[in-house]
Amino acid sequence: MGFELDRFKGAVDPDFKCNLCNKVLEDPLTTPCGHVFCAGCVLPWVVQQSSCPVKCQRISTKELNHVLPLKNLILKLDIKCDNHARGCEKIVKLQHLAEHAEMCDYSPAKCRNKGCSEVLNLKDMDAHMRESCDYRAVGICESGCGLMLTHKEQKLDNHCCLKALKAHNGALQGKVVTLDKELKKQALKSTKREKSLLAQLSAVHNELQMTALKYQKKFTEYSARIDSLSKSLSPSPPCKGGETKSVTAILHRESGSLGFNIVGGRPCVDNKDGTSNEGIFVSKIVEKGAADKEGGLQIHDRIMEVNGKDLSKATHDQAVEAFRMAKEPIMVQVLRRAPRPKPTGPTGEGQVVDISTQTDITFQHIMALSKLPTSSTPVDVLEQYLLPEGHSPAHEYFDPNDFLEGMQHEIEREELEYEEVDLYRTNIHDKLGFTVCYRTDDEDETGIYVSEIDPNSIAAKDGRIREGDRIIQINGIEIQNREEAVALLTSEEHPNVCLLLARPEIQLDEGWMDDDRNDYLDDLHMDMLEQQHHQAMQFTASMLQQKKHEEDGGTTDTATLLSHHHEKDSGVGRTDDSTRNDESSEQENLADDQTSASTTLGSRRRLAYSQDTLGSGDLPFSSESFISADYADAEFLGDFPADECERFRELLELKCQMQSAGSSGTPDQSLLWPSGGQGGVGEEGVDKELELLNEELRSIELECLSIVRAHRMQQLREQCREQSWMLHNSGFRNYNTSVDARRHELADISELPEKSDKDSSSAYNTGESCRSTPLTLELSPDNSLRRGNESQAEAGASSSTSGPSRILKPLLSPVQEACSPTRGRPTLLKESEVGTQPEVRERKGGRHAHPQSPYKHAHIPAHAQHYQSYMQLIQQKSVEYAQSQMSLVSMCRDPVTSADLGPKMEWKVKIRSDGTRYITKRPVRDKLLKERALRIREERSGMTTDDDAVSEMKMGRYWSKEERKQHAVRAKEQRQRREFMKQSRMDCQKELGVTTEDKKDVNIIELSHKKMMKKRNKKIFDNWMTIQELLTHGTKSPDGTRVYNSLLSVTTV
């Protein structure tokens, strides 16, 4: 319907009128025939009649169109207010009429008092409600009902409390009924929602069960493989493998190669006693080569003779030389073992056993073993477990590493699932609410991962982003480096962010096992706890007996207790000499000598404490833990004066007595109860006493640490500066020859072949021999974090012990245990030994290993644990934190020897050619040199040559690495130009006949001298030699037999 004509100011154009309502057009619509009508008039007409109102043609509503120019003209007309009849004299444009009507003072409004039905102007509403309305509240009834009285009731005095209460009750009941209906609606809606969620939960549960069954099947398969591997790798008598026979093969070189690789050999030429079991074995045979034929060689054959020359006790180099010098036809005599019969009985649980402990083989050990070179002793042939019974192998022998490598690839293969997440921000400055982690150096690029999620953020409310997810794309752009990721995440161009995330497909937590298995594990845990309790009681009895024996006059020989070091294996030493050829360098022999004498009591104390939480009874308690604290030597005390040590010991004893006085009467009674007449105390009393002592000593150790820290703080500040300078001066050593660089190596370090510029190979393709395999470090996820926790426990060691604490040392926390004098030196390990035996304290097996390592995966989600690269980033942070915590106390404990521990190292994340990531150690020296270069460059950036000439301190110009490279290139070009000019001059002299024999002799001598000097320089310098080391050690050769010419002169200004 249109607008009334009398509302407009002045006359209205007839073209603005509607032919149906004869009013001014409101939202005009035009028909295909050209007629214009109001929208409210023409739409009902066309719907009913399906034709134009003028009856000219048939039309439909879809053919009607808006006339915007006509509408704009009408909106500019002046019109009176809608409330003109109520007194409003305002005249506005039609387009502003709606805005005026909202705030017009003459708009009709109903009184808000209950019962009043008057309609007033908006401006008169407040005055009416306060003053003139008969239904306004004026007070409370004083007759007893307590309801509000209106002005009308007070004026007429006709208020009835009973009727008012009934009316009020009815209103409340009506409200209750309304709320009840709403409650039923909400309950029905909630029931439907609950059913839907239960259905989804059931589907997820079924999927979880299917996944758990699939995982169990894989676990069973891997367990079978592990059992067979354990059985194959365990030492067995030679008679089980079958009889050996001597075979002679005749070989001819094809294209200069014999077509096979060898490993092994006696470790040293001087070792001619014949006791070593080393020999030369065939490790690989090239397909269609000279050795790959009927009557040729086979893998694992032991080479005895080559053309009559005995190689049974030869070294690896002697065997290579013998094959090189052999003339065709080459007669090779080998020892070959007959194939083993396949076991028919049931296979037991495969375990690796050393002298003192029994440890389960895990996947980390298998991966480490697969990367070791082939053993030099005849390895038992692996059985092919997954083949059908009727299928026989093509050869009698095969390489175990082939199976291990395939298994490693299958384990390392990760099936990823991708998810696209859209995050919507209401404001462009809102934070997404998650933190990313990535590499901080510039050597290699790596992925971007989600490390933390804010609980109340946009990402947390979305719920699809998880910790450990890798970000592949942001807003459709693939991420190449961290700069791009930061730029896209912080960009303010787009309020919405679209992320493409990748995570491992298997995302099961540890709760996938069924209830029966959990019950079984709980029972097993209780059994182990009972076993631990029983051992603790025996331990306490032996302690009481020992104390009584000491009081009766008997003495305990400390040397007897210490003699057990060489009788028990520490769990990390080598079991045979099969890996001796991994790196044939002189430092290995030194490491062997040191390793045999470095099995300390500290490792056993750490093991005893780590078993305390779990209750495992793998290792019995030993009397080694009861060595008196008085046995501490000068090396453990460091530079503490004797009077200070004695005063600290008295203070500690006083602390023990004061702490124990509150709980058990007298100090002597609570701390020294083994020496009294309480030998017959019951088990419950002993347990309570032990618990009280443990709690007291834990609080004492914290106070002791604070006392030591306050006592040493002033000295530490001065020593830190000296130690840092000493470390920088003497810490740069050759990593190829230094034994100190391996001082802190751990048992989960494995060897991986990488590309090297200095690989050595024999003439007949011995490239796979152990000597040409450089070493690199790879950390397993299980051991790295646990090792960091042990480092933190060792770092908190106190520097002194007390009398009462040495009596109960095995039952204390790691801080007291670390106070033993035998913890002063870390154990030296050989890199070639690592991985041959698992560490006892690292491997518990099964789910019971989790309680003893609370920091292992504390804040890492389950699905992120399957992401190898993300886990290694987290491990890097954990290891760096543990090392930083350990550095302070280690310098306090042994400040003299801290500078001799070798070059400082840091953990770096590296990327292999196949894309996998690993963590390795790199010297901090590179980083320090880079920082030093930047600092010097900043200091000398604003200095000119004239300024340097005027100043007293001659700084000199600093040349960057790129500039030094350019200098080297220019120097090379100048040298080549000089040689060219010299050669041209010599040619010219030859043509003129001026050259003489004397000059030729001089040139030959000079060239020979230069060549000899180059060789000497190579012997003096290496890749890691610095000018400071050259000046410190002089210009002597490494063996100290020669003195070379000075190659360098340094003038200090």
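Just so you know, the numbers here start at 1 and follow the chain as drawn.
Any Cβ shown, glycine's included, is placed from N, Cα and C.
The range from 99-154, 435-490, 491-546 that Swiss-Prot describes as zinc finger is residues 99-154. Per Swiss-Prot, the stretch carrying the note coiled coil among 305-331, 359-385, 683-709 is 683-709. Tertiary proximity for the zinc finger (18-56) is limited to same-chain residues at least six positions away from its ends with a CB under 8 Å from its CB atoms, namely 1-5, 8, 12, 63-67, 70-71, 74, 77.
Per-class residue totals from DSSP over the domain 'PDZ 2' (420-505), listed helix then strand then coil: 13 helix, 31 strand, 42 coil. According to DSSP, the secondary structure content of the zinc finger (18-56) in residues is 11 helix, 8 strand, 20 coil. Regional average pLDDT for the zinc finger (18-56) in the model is 90.
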